[in-house]
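Asker: The structure under discussion is supplied below as structure tokens; questions concerning it will follow.
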Amino acid sequence: MTLNPFQLLFAILFTLTLTVKAQVKPVNYNAMPANGITLDTGWRYSPQDNPQFAEPAFNDASWGGINPIYPPHRIPQLKGAKIGWLRLHFKTGPNLGSRPFIFDMLQSAASEIYLDGKLIGKYGTLSANPSNVVPLGLNLQNQEVYLTQGAEHVFAVRIAPWRGPAINSNWLYLCQITLIDANQYIEITKTTIKGDEVYIALTSVFFLLSLLHLAFYRYDPTQRANLFFAVYAIISTLGFLGVVMQGEVQDCRIWLCVYVPAFLTTLMGAVWVIRALGTLFSFKINRLEIGLWCVYIITSFLIIFWQINRPFFTGLIIFGLVQIWLTVKALRMKKRGAGIIASGFAVSVVALAPFLFGVTISDLTHQLLILILFLAPALGISLYLAREFALDSSLLRKKLVQVETLSVQNLAQEQEKQQLLARQNDNLENEVAVRTSELQRSLSELKSAQTQLIQSEKMASLGELTAGIAHEIQNPLNFVNNFSDVNREMIDELKEELKAGNIDEALAIANDIQQNEEKIIQHGKRADNIVKGMLQHSRSNTGERQLSDINTIADEFLKLSYHGLRAKDKSFNADLVTHFAESLPSVNMVPQNIGRVLLNLFNNAFYAVNQKKKIAGADYKPTVEVTTVLKDNFIEIIVKDNGQGVSDAIKDKIMQPFFTTKPTGEGTGLGLSLSYDIIVKGHSGSIAIESTEGLGASFIIKLPLTSKNNESV
Amino acid sequence: MKILVVDDEADVQPLFLQRFRKEIREHELEFDFALSGEEALVYLQEKHSEVVLILSDINMPGMSGIDLLSRIRHDYNAPPPPIVMMITAYGDDENHRQAIENGANDFLTKPLDFSLLKEKLKTLLA
């Protein structure tokens, strides 16, 4: 069914007539509760905005009822409302009498308050545009109003609601007006001021604690409990600051930004305390910590989106229990200083007790208890950490003293060691000096011994020569003597022939005598050479260079060597084979030195073949060969034997001094060494050995035909 | 009488020829020479029956006089055995003993005393 406009107008007029007739009954108040009279019933609301509504005479019987003590978003009548009006009719009874009251209000809106048509207060900026509303609703300036007993009073409130975030049921109410006594007002004011003082004190103390422990952490980063505790203190400082501020701000928007975080930070601080406790007791609480943060997030969520008190206190209790549990655990484990922290918590619990059991206490006690409640655990932990710091410091000081003592000892030891070392060095140097002089002495002794050895080597080879020399001298002497003797006889015969006048015969005899004389001269020279050679050989190594014939020297010494050996060992025999190159140039050399070398090689060769003869069969023919060859710019002398040969193992060694294969006493070991020196150093030649073990050996001497060594061709 | 002289010294030949020129001239003695033991053995192979006396040096390259002596005593000792006299420059007992052991009839030292040698030859020939 639809109504036409007339029917509608009629209906409205009819209704208005009815309502005009009906008068709103005022609310009666006849007692003053402890917290004052909260005007929580009898309110009427109109979403219209009309200055008439301020008038006490205005009949609002047609308005709907409303309970303004709810957050705006939970009041259905306010849906879509901009600026509207609240009206309340009330009376005060005889118990209250006619007297002034303090008018206290809080609101989540901007409003103008009229009492009996008179504007008594204007809070915030009203606007038809909700986003322009400035909601000053808290900590507002109180007004004094005079109320007459039995008279009907009307509060008319022109109100522009601020909705804020529509998430929590506990947020600010739309409008709450309380009437209180002057006495009550004084008490409330006092309490508020003291409460502020407590929280200001807590803020300061916690701020100082945070600075203190940050400093501790700064100086000793290994104790991370200091950091966590400092974080806790900072967070708590912010929380307490929030509590202080929420008692000061008027703007609802700012208040919301202070009030809720105050709860959230207080809770968060509790989690950091647990972290600090875990660290300073060295508990592994990683998993527990994750759980706690989960609890924190859940409670925070609930605080923001549901309500404050229940989740907040639940979280606080959970965290407090965990803190107490950790402390008890530490106490049981007899952790150093756990008692201090435990005392802090104990004191805190004692301070909490009166609140839990609802004991009536004076305001002052209340403030003190709150102070103690918050401060005791924090101070406990702070004291503990400070004590740890102090203990560490004193320990460090002790350690420092120890270290200093030790380093002094160390230094002393070091010095001692250095002195010892220096002494040892001195000793060592002395010893080295002594040894050096000893060594030099033995070196010079060795040198003289070497000289003696070289001399004795010469004498030894001379000794070997003696027999050969004897034989060699006997032979020429034999001729000298006998040819002389024959000549004497022949001269006698010559005389006889001459007397007999046989000239031809005499001439023949004279020729013979002449020939014999030549033989005598020849063999005399031969003996002379042998003696000279012997003398030269025994002389020291300063023979003069002279042009000499290699073949002559080789032949001479080959025979000397051979007969020398024969003289010693009658059974010894060997074939001497000579391949002397014809027309060899004379070589500029020290003949007795070259002779000594050849003698050595011949002696060795004869020794080798003789040794082999002792073990070889009857077919073995000991042979020593001497070959001289003229090459481009040098003469080669090869002394070859078919003796035992030289093994590869000792080939490199045979030129070394004192190396000998002969039985002890038979060789000095210097022969080849001296030969090497004479050929290589004395005559710029070379001496080499070719040998097949068991088949014989060849020593090859090369004497260069340089201008130095060779002066005629 | 044929005498073989073995010595590596070539001048021994004129010396002997001079010393015994009278005996040679009167054909009492005849000399042949060898310059080594080996040469002497070659000579003896053909003429051992002619040679009555052998004079040999001991110290020679190759075959020594002692070797030669033992070879003569071994190979050419058919009667009448040749008379062998050893000559050496080393007149020591050891050489002497070895020579005698190997069957030498006599032992002479250098320088050779030819009058002594002649005496001995006379004794031998007598």
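We count from 1, first residue shown onward.
The backbone N, Cα and C atoms fix where each Cβ goes, and this holds for glycine too.
What you are looking at is a predicted structure, and each value in this text was computed from that prediction instead of being measured.
The coiled coil feature in TrEMBL is assigned to A:403-431. For A:468-707, the entry in TrEMBL reads domain 'Histidine kinase'. Annotated transmembrane segment per TrEMBL: A:198-217, A:229-247, A:253-278, A:290-306, A:312-328, A:340-361, A:367-386, in sequence order.
Walk me through the surroundings of each of these features.
Answerer: Cβ atoms under 8 Å from those of the coiled coil (A:403-431) belong to no residue of the same chain, restricted to positions at least 6 beyond its ends.
The average pLDDT for the domain 'Histidine kinase' (A:468-707) in the predicted structure is 83.
For the transmembrane segment (A:290-306), same-chain residues at least 6 beyond its ends with a Cβ under 8 Å from one of its own Cβ atoms are 167-169, 260, 263-264, 267-268, 271, 274, 312, 314-315, 318-319, 322.
Within the chain carrying the transmembrane segment (A:312-328), a Cβ under 8 angstroms from the stretch's Cβ atoms is held by residues 263, 266-267, 270-271, 273-274, 277-278, 281, 283, 285, 288, 292, 295-296, 299, 303, 338, 341-342, 345, 349, 377, all 6 or more beyond its ends.
Tertiary neighbourhood of the transmembrane segment (A:340-361): same-chain residues 277, 323-324, 327-328, 330-331, 369-370, 372-374, 376-381, 383-384, 387, selected by CB-CB distance under 8 Å and a gap of 6+ residues from either end.
Nonlocal intrachain contacts for the transmembrane segment (A:367-386), taken as residues 6+ away from its ends with a CB within less than 8 angstroms of a stretch CB, comprise 194-195, 197-198, 201-202, 205-206, 209, 212-213, 216, 223, 225-226, 229, 232-233, 236, 240, 273, 276-277, 280, 323, 337, 340-345, 347-348, 350-352, 354-355, 361.
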Asker: Near the transmembrane segment (A:229-247), which same-chain residues lie under 8 Å Cβ to Cβ, leaving out any that are not at least 6 residues past its ends?
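Answerer: Same-chain contacts beyond the flanks: 138-139, 192, 195-196, 199-200, 202-203, 206-207, 209-214, 216-217, 255, 258-259, 261-263, 265-266, 268-270, 272-273, 275-276, 374, 378, 381-382, 385.
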